[in-house]
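Engineer: For 15-47, the entry in Swiss-Prot reads compositional bias 'Polar residues'. Here Swiss-Prot flags 48-65 as compositional bias 'Low complexity'. The feature region 'Disordered' is assigned by Swiss-Prot to 1-71. As annotated by Swiss-Prot, topological domain 'Cytoplasmic' applies to 1-108, 159-176, 226-244, 295-312, 375-438. The annotation topological domain 'Extracellular' is assigned in Swiss-Prot to 130-137, 198-204, 266-273, 334-353, 460-481. Taken from Swiss-Prot, the feature transmembrane segment covers 109-129, 138-158, 177-197, 205-225, 245-265, 274-294, 313-333, 354-374, 439-459, and the record attributes it to sequence analysis.
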Amino acid sequence: MSSSSHNDNKIPPEKTTTPPLSSSNEDIYNPADSSNVLSSNQTLVSTNNNNNNNQNNNQNNNQNNDGKDTMDHLSYLSTIDSKRREQSYLKSFYQRFIIEDVVKNFTPAYFVSVMGTGISSSLLYNFPFPAYWLQICGYVMFGLTCTFFIGNIILLIMSCAYYPNRFRDYHVDPSRAVFMGAFSMGYITIVNFIALITKGEHIYFVWTLWWLAVFSAMYTSFLIVYLSFMSKLNESDVEAKLNATLLLPIVAITVVSSSGHSIELDLPHVHQTVLTMIVSFMLWSLSISMAFMVMTLYMGRLIIHKIPPTNLIMTSFLPVGFLGQSSYSIYLFGNNLNKFIPEELLYGKISLCLSGFVSVFLLSFGYFMCFVAVTSVLSKIRPFAKNPNPSHTNRFGLLKLEKSFWSMTFPMGTMSLSNTEIGHGGVGNYPLLTFKVMGSIFAAACIFITVGCSIGVVVYSFKKLREDMTNKNKYRNESMV
């Protein structure tokens, strides 16, 4: 009994069999299967989350690596820059400041300062309403002119010596080559002042200097204009650089023409006077023919593309310089013919009248271009400009004092010369006070702008020198620490 009951109480283990997937068409629910599915889904979700986390971590790592690479690159550049500064300050003052700063940044445009101071010295010495103290100021200004001229000549030679490619650029590149005309005109202003103070003495010395001026003017107006704008040596976009600065090499022959007319009557022999007179008139005719071609292109560009940008706005005064100087030259020619030809002949009077008409015609055009230039400058400053260019204007909306201000000096001076000469009343021996007053106004404007620009040059030079010495001392102190 006991054994049987004991055997009956034993429950055999249940055999659980998993039906095959193909046993029937119906789905059979099994809790174990659902738990397995849930666990597998959780596993997939966790796997996806891990993958997403890994991707995010990889992206963060990539971003961190990119940021690190950027920081490393910036630190590398700063290290290179600091090493360059360190190496530069290890050099001598001559190599560091003179060669790598002054000579490296030199351009022939610096000769515009010689033009401005040179014509200002002549205006001070021969002011429309003369005074002795003005003549003394003229001598001082002439000394400044010679200083600028000699300094720029030295920089020009050093620039071509240390940077040989620049000699080609000074003849081919339109943005640089045209300013070689400023070199010629600056030299001619020195010759003019020497002719004023010698008053006919040492005329052969002055005449020799004038022939050198003729050669330099012809060199710039022929060779440089051809190489920079007509030859195939220049592969740059000339149309983009076609502005009023192209007049600079051409105005040089106008200036040397008027210089010849101012000394021709002091020559002792008739054939020398006639030769100088004819050559000077030919130079004036050449400048008129070339300049009016350029003026046509310039006016067309001005009408189509409107006034120049702020950094080139001062070039609007360059046509004024050509018109004023050509007016002055042709009037001197007619006046000299009237004095040279005997009075019993009418040819001198006729030549004076014709030259006077042409001179007034050119002067009137000069007044118009002066109006265009002044209006163009005013349009770049407040209150006429709503949004002045911040890189060229100060916080008051006015133009900053820059090197381009030198472009105003010589044109104002030429307008003064022309007005003053007409005001002397050569035609009919009748002085014209109005033109003398206008000549005084233009002369005062030229002199004041020249003085301001000269002060700016001195201040800028001392500022650069002090900055170099300060950085040198700073580096020396850091290296000692």
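Residue positions begin at 1 at the first shown residue.
Glycine is treated like the rest: Cβ placed from N, Cα and C.
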Engineer: Which range wins on Cβ pairs under 8 Å with the transmembrane segment (245-265): 109-129, 177-197, 439-459?
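Structural biologist: The listed stretch sharing the most Cβ pairs with the transmembrane segment (245-265) is 177-197.
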Engineer: Quick check: do the transmembrane segment (109-129) and the transmembrane segment (177-197) share at least 3 Cβ pairs under 8 Å, counting only pairs 6+ apart in sequence?
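Structural biologist: In this chain the transmembrane segment (109-129) contacts the transmembrane segment (177-197) - 3 or more Cβ pairs sit under 8 Å.
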Engineer: To the transmembrane segment (177-197), which of 138-158, 205-225, 313-333, 354-374 is linked by the most Cβ pairs under 8 Å?
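Structural biologist: By the under-8 Å Cβ criterion, the transmembrane segment (177-197) pairs most with 205-225.
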Engineer: Based on DSSP, tally up the residues of the topological domain 'Cytoplasmic' (375-438) by helix, strand and coil.
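Structural biologist: Counting residues per DSSP class in the topological domain 'Cytoplasmic' (375-438), I get 34 helix, 2 strand, 28 coil.
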Engineer: Could you pull out which residues elsewhere in the chain have a CB under 8 Å from any CB of the topological domain 'Extracellular' (198-204), counting only those six or more residues past its ends?
Structural biologist: 263, 266-268
Engineer: Under 8 Å between C-beta atoms and at least six residues away from its ends: which parts of the chain pack against the topological domain 'Extracellular' (334-353)?
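Structural biologist: 261, 264-265, 273, 277, 359, 421, 426-427.
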